[in-house]
């Protein structure tokens, strides 16, 4: 029979976890390719690109090896001791790994949105993180191996879930129904990630960054909600004495005291709900909404929106201040070139420059960020390029 050869439940379990991991890894690889690419589509530093791609692959395969070892140990203990030692801590594992992924994805998303303005600067930062081999401390280590950490924790979390969930399903599934759905799930998930990677390489950089960041934040917001729900379910399972979420959709399968709403269908923990399992992996769907999971989802988006507004405001404000400070230098150069006296002014109002916008504003923001992140004084950045940008902005007003 077909069910003895191909288990649909195993296929969707593997596809769900592979899909989430492949999306994050493919977006990260596209980010590296786009950052180290010039306007003509040529790689500016092939050696640096290979090093960071290698970090991504090493992080992914290291996590895969670890999760196979840990997951295999849990499954081996289950069959040897006839006791599912994973079930007592499953939600804790998932919740902790989800929170780690949320932090890493959120930080990466904020960084990616600035790449279009600071592509060359990001290339230099990536180069420094590799070159600074003598740097010590956790912070420097994290920067140096940043492209290793995100795929490592992502693949570790997803891979561990695959091994344990597939092992759990295997209790009621013939051994012959394992290989084909696992292979097919891995292939389909990896193919989707590959197409995202290829699409990210041919897309316009700005559109790619916006689209990929939106996808990452959708996944991250779902992970935030799921992490909260995992901790709530861990408490509920200890109160009920079992894994209540996998017993069905009715009363007793969810913490009803903290539930805001619940529907008796679409439970992503049920292996027969393949489509809802995919929604759970990408968007964080759950058929039960608790106060904690809903509030954490909303608070996460409010936090992201606040940080983005703060970044936008600080860049615009810094641009205005820098333009005002460079005003005297621009005026002096204009006076020298035209041999006509020009009244100098250093105040922002007298200089009559509003907040930069559009392309000229982007150029000013590049300079502002370079000055702000540099340890040298502002006066050292008054080069011809800066003066040209200031002149363009003045002429537009």
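Even glycines carry a Cβ here, placed using N, Cα and C.
Swiss-Prot assigns the feature region 'Disordered' to one of the listed ranges (309-336, 337-364), namely 337-364. Swiss-Prot marks one residue of 253, 374 with the annotation phosphoserine, and that residue is 374. Residues 272, 375 are shown; Swiss-Prot lists phosphoserine for one of them, 375.
Range with Swiss-Prot annotation transmembrane segment, chosen from 40-60, 61-81, 124-144, is 61-81. Between the listed ranges 9-29, 156-176, 177-197, Swiss-Prot ties the annotation transmembrane segment to 177-197.
Within the listed segments 292-312, 376-396, Swiss-Prot records transmembrane segment for the stretch 292-312.
Under 8 Å from some Cβ of the transmembrane segment (92-112) lie the Cβ atoms of residues 24, 28, 31, 122, 149-150, 153-154, 156-157, 160-161, 209, 212-213, 216-217, 219-220, 223-224, 226-228, 230-231, 234, 300, 304, 307-308, 311, all in the same chain and six or more residues away from its ends.
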